[in-house]
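According to TrEMBL:
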type	residues	note
TRANSMEM	A:12-32	transmembrane segment
TRANSMEM	A:44-66	transmembrane segment
TRANSMEM	A:87-108	transmembrane segment
TRANSMEM	A:114-133	transmembrane segment
TRANSMEM	A:140-160	transmembrane segment
TRANSMEM	A:191-208	transmembrane segment
TRANSMEM	A:220-240	transmembrane segment
TRANSMEM	A:260-285	transmembrane segment
TRANSMEM	A:297-315	transmembrane segment
TRANSMEM	A:327-347	transmembrane segment
Amino acid sequence: MHPEAKVTKQVSPFFAFFIVTVMQVGVGIFTLPRTMIVDAGHDGWIAIVFSAVLVSIIIRIIYAMLNKGDTIITIQNKVFGKTLGSFISLFWVFYYSLFVLITLVAYVEILNVWIFPEVSLWVLYLICMLLAYNYTTSGFRAIIGGSLLAVLFVLPFLFFSHLPQGQLHFGSLFPIFDHSLHEMWLSTKTMTFQFLGFEILLMAYPFIKQAPRSHKWAQIGLVFSMIIYLIAFILPVIYFHERHLLTIIWPTLTLWKMEYIGMSIWLLVLLPNMAFGLWSASRVVKQTFNLSQRHSLRGVTLVIFGCALLFTTRIEIQSLSAFTNRLGFYTIFIYIPILFLLQALIIKRRRL
Amino acid sequence: MLTTGDLMFKKHVYKKLNLKKGKTLEDLIQACQKSFDFVSYQATEKAPFHLHYIKSLVDEKQIDSHISSYTKNPELPTLIDLEQSIPIEGTKIIQKIEEIEQSLLSGHVIIQVTKHDNEVLAVPVQQKEQRSVDIPENEFTVIGPKEAFIESLDVNLNLIRKRLPVPELVIKEFIVGSISKSRVAVLHMDGITNTQLVQTLTERINEVDYDEIVDSSQITQLISDNPNSYFPQLLETERPERVASALVEGKVVFTMEGSPQAMIGPTNLLEFFSSPDDHYMMWPLSMFFRIIRLLAVLFSVLATSVYIAVTTYHHEVIPDVLLNTMVASRLEVPYPPIIEVILLELTVELLREAGARLPSRIGQTIGIVGGIVIGTAVVEASLASSVLLILIGLTALSSFTTPIYQMGNTIRILRFPFIIFAQWFGFFGMAICLAIHLLHLIKLTSLGYPYLSPLYPFRVRDFRDEILKLPIQKLENRPEVLRSQKKKRFISKYRKHPPKDIEE
């Protein structure tokens, strides 16, 4: 149905690492310690590890599924038929766009609060969207290049943290596991939001050379972002008191020595992140409705920009992220496994 | 089947061509006689030969000593006799008017038997005016060879050939420019260089359509992948040994008659910050200097914009200890940091431009006048803060560490967008500017090869010579990104050390 992605547009399997890392370590890292401490307290790191294990299983399932199909769109069309499949594809356009939206809104909120309280939000939205649009039109390989540079040069900035000698209380981490299983589960659910983003693979799969081999790299990317999250969680927990930490909206920034430079240059991490989202959303439109990707990209960008204007207060942003969290959780842990089972069933029946 | 219309059209074309072909030797001579330096005479009244040449192109001493004596000799009646007896290599008998024209205008003496004869003998007696091979001025190194290219293509090729005395070094010649007829030579190593790369370059040079080309940098502008970029996409060098090592690495090179540099491609961003010096020093030293150079470039581009961002938006970033000094130095400056910075940056650019245009001795004086007198005066009149003056001085200094002149210019320009963006949005503005430039660099290619390699596409093995500088024994592979035909340069053998007493 669709011509295979050309070899010149493909990237080596190794780059799956950068896709996963850049998509996962997004803007969420700034709020992570607070959101994790709400339910599981100082045991949040267990929830981080546990949630990473769950996501790792899902990545395995996604690869098993994609190895038999090309993208999520072709799989859905096979499983549900053309009409229903196309209809469900619309959901993916919404899903990918929603992730771009939440990244954009959350990042601009930080900029607004920390550096530019007097600048109108729409100016910042416009700048970010224009840049992300430019990244996307440059093609998949350019976005990958951007994410590679971001991981190599921007993520190390995280390590320039305050490490006040003598004020770190490692005792805060103990006793280990003194929260109930229910609390842990709630925390794990919150945490999955941070690990979301790897669903880009559902669309990017045909653009990876020898794609099955990239599975290993996707898992390594997951481990890498888990380590970054663990560091980002444990440092504030051993520095602040738990109740104090609950009142800080962006603990990572508060603890960071280079908060101003860091949060500005974080743009370089978020641009490939948003560009991947835009790219996937417009790609879904292209594959389903045979529209040119440039046109659909313009449409998606405009809609996201328009929606971003609606979110101005902290509460609105929080409810948006809660909604995205829930939606992402159910999509990944309910819909994807079901789709996988259905696909397996259909393939089996065809063989019989 | 041809229709009548086609036939008519063809006839018309033939007529036109015939008209052009109708030009005879006489017409040519007539056209040349308009110039005063065209000489045309009969050898003697007895001998039949007529000699034509352009005085300013030929070496008249050679005519006197090697040609005149034979043309005046009545025992040699034909051109063939003459050709055999004249003791100059490369004589030829030609008939085609285009060839005659070309040889006349490139410094041959044309010898005709009678005035109406179309067959002539062309004797090459070009006068070659050239300066001697000199010390490189733009890419000076303390150690290593000190020869630089000059304006003669043949001398330049000789400088390269004698460093690579193997038949695999292939040199192809092209004529570029409809009026200037410049000779361009394309060099590559057979069996090493990727054939597709050679093809790309030759195709692009063949496609060049421009009337007058005086310098190879003009060809570079015409063939570069993105003509609107301000990053140089081919590496310009005046050092023959740099060309030789690029050729052996598997790159292609072109150079032009009349321009004292060669162009190396494909290149990448980091290559512009490596100096030939790096290869002549012990590796820990050269690695250190290379890293210093890269840091200097970063500093040179970002320092003044950071100053603007900090003083305009992010006062919190200044350490408490430094705050007093900063406030004290800016206390009496009457305008915002952006004006202060642009004023001083433009002054530095002014000094540089003036220094480049003036003869070198006066240039030095200007440097001292500008740097010391104006600088101190500006601070004393509190028109700029002393902290900024130090920063500006350092940025100018560090931009001079770039070994390649073109890239130095790029870095000069690159500061200004960062300054403007820093004024607009502080650190965030600088991040925007950085994002735009990174995207541009990711997309940029040099002869179709990625400009940002070995960073992207990520080739860790290429780091050995491009970013780091490992010992020469470790540089056994050619850069992966070039996809050359032979990957290995040599097989490295590790010397065995005699066992130490502790191992016996």
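From the backbone N, Cα and C atoms, a Cβ is placed for every residue, glycine too.
The model shown is predicted, which means the values in this text are computed figures rather than measured ones.
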Segment proximity, the transmembrane segment (A:44-66) to the transmembrane segment (A:140-160), 3 or more C-beta pairs under 8 Å: no
Two-stretch contact, the transmembrane segment (A:44-66) and the transmembrane segment (A:327-347), at least three Cβ pairs under 8 Å: yes
The transmembrane segment (A:297-315) and the transmembrane segment (A:327-347) contact flag, 3+ Cβ pairs under 8 angstroms: no
Beyond the flanks of the transmembrane segment (A:191-208) by 6 or more, those residues with Cβ under 8 Å of it: 4-5, 9-13, 15-16, 19-20, 23-24, 26, 28-29, 32, 36, 44, 47-48, 50-52, 54-55, 59, 62-63, 66, 70-73, 92, 95-96, 99, 140, 214, 218, 221-222, 225-226, 229, 273, 276-277, 279-280, 283-284, 321, 324-325, 328-329, 331-333
Other parts of the chain folded back onto the transmembrane segment (A:260-285), taken as Cβ under 8 Å at six or more residues beyond its ends: 19, 22-23, 25-27, 30, 73, 89, 92-93, 96-97, 99-100, 103-104, 107, 110-111, 114-115, 128, 131-133, 135-136, 140, 143-144, 146-147, 149-151, 153-155, 157-158, 160, 197, 199-200, 202-204, 253, 291, 293-294, 296-297, 299-301, 304
Recorded stretches the transmembrane segment (A:220-240) and the transmembrane segment (A:12-32) touching, at least 3 CB pairs under 8 Å: yes
